[in-house]
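Single-structure report; data block below.
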């Protein structure tokens, strides 16, 4: 193994040369050790860890983005049935598909655990790469704080004691600790758990759809009142339920043959997510007389009771609880492996790159779990609005990085490439960028202020970490096995000149 290098992060440290990947397109990793300590090669250390295959990856994407229709009820409350249905039909073409395509191209170009952090670093430099990592990790942790809230919102109608007070706090703590331990045990376990949870969460809505057929009245789907639309709640609900496609990129280094598996998994994931929203909304709005004020978190369990009885209600509530556990597991996996990837790129102290005996990033998991516990006291709408705004800033950086990499490194290997040129790349990013502007413009002053403070913290953290590196207060290192895209591009340009 090559000797460890203690460095200050520089632009080239966050770049990847595709020609240096192994034959199965997986990026090698290293565990940082002292120069005088013998150790096995990093490739050998990670070869023992089982990689994630196609089916678990599809369901990890499903849970990163969706987890089922739990949480979409507010779209009907905000805008009525027609706009809610149109939103979940049209919005994927404006946002989900472009984001999934960019993730497929950039994720196969950089198949390592840094994910979007490496994309932005390679295109815009380490400062903005770090800001991307900070904003996306923070928005991910804020997003994960939703799931204990949603979990208890669905159960409190059957167990009122979970609605508030000490029982609610204890339930959040126990649930977080239990799921954190499962994440610690390995990503393969999490992936197959996601498959089982996903099937269990989807089934009751298939049953509910069949039961509802005799009671469907299509005219109910057409109800719309443009004078009574809460656009802020409507857009935030759509945005939250159809984003985070890029989160799977931070697990690319753990995927079996990512250059083939990741694009296919994203394709199937888009279809699965869209169907999991549209059919339950068609059922609930078409079979039940409309009372918009009732369409809030947990209302699908009431729809299930009205259509099938108490047994179906309990099944939907159990599915909701299961779904929230799946979303928690998937989000914590991507957040914690992102920190590991940033440490391997020298952006965070080297102790974040340490893996447990199960191959999982122990410190990343603990940091993510701590953030969830600190934020779980917020309400559902406050959490959605706060994480959406931070996520928007991160996505703008991703769009810029995507276009800039097309222009800056046209010769770099792209195992999956969107079949459009530079102009097409820019045009593809315009609709989602306009949507981001709308979400930001409709944000409340409170949410904007909190998000601005978080951004300033990120601006301060990067030079502080660089100072700690220079003064050797903390050790930073970059894996000697992570290759360099800039060198690859220079070689390609020299070949073309010759």
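Yeah, the Cβs are placed from backbone N, Cα and C, and that goes for glycine too.
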To which of the residue ranges 447-465, 466-484 does TrEMBL assign the term transmembrane segment?
447-465
Range among 3-27, 78-102 that TrEMBL annotates as transmembrane segment:
78-102
Recorded stretches the transmembrane segment (265-290) and the transmembrane segment (78-102) touching, at least 3 CB pairs under 8 Å:
yes
Go through 52-72, 114-130, 165-182, 418-441 and flag the stretch with the largest number of C-beta pairs under 8 Å relative to the transmembrane segment (189-213).
52-72
Could you name the stretch, out of 52-72, 114-130, 165-182, with the greatest number of CB pairs under 8 A to the transmembrane segment (386-406)?
114-130
Counting only CB pairs under 8 A, let me know which of 52-72, 78-102, 114-130, 418-441 has the most with the transmembrane segment (447-465).
114-130
Give me the stretch from 52-72, 78-102, 165-182 with the greatest number of Cβ pairs under 8 Å to the transmembrane segment (418-441).
78-102
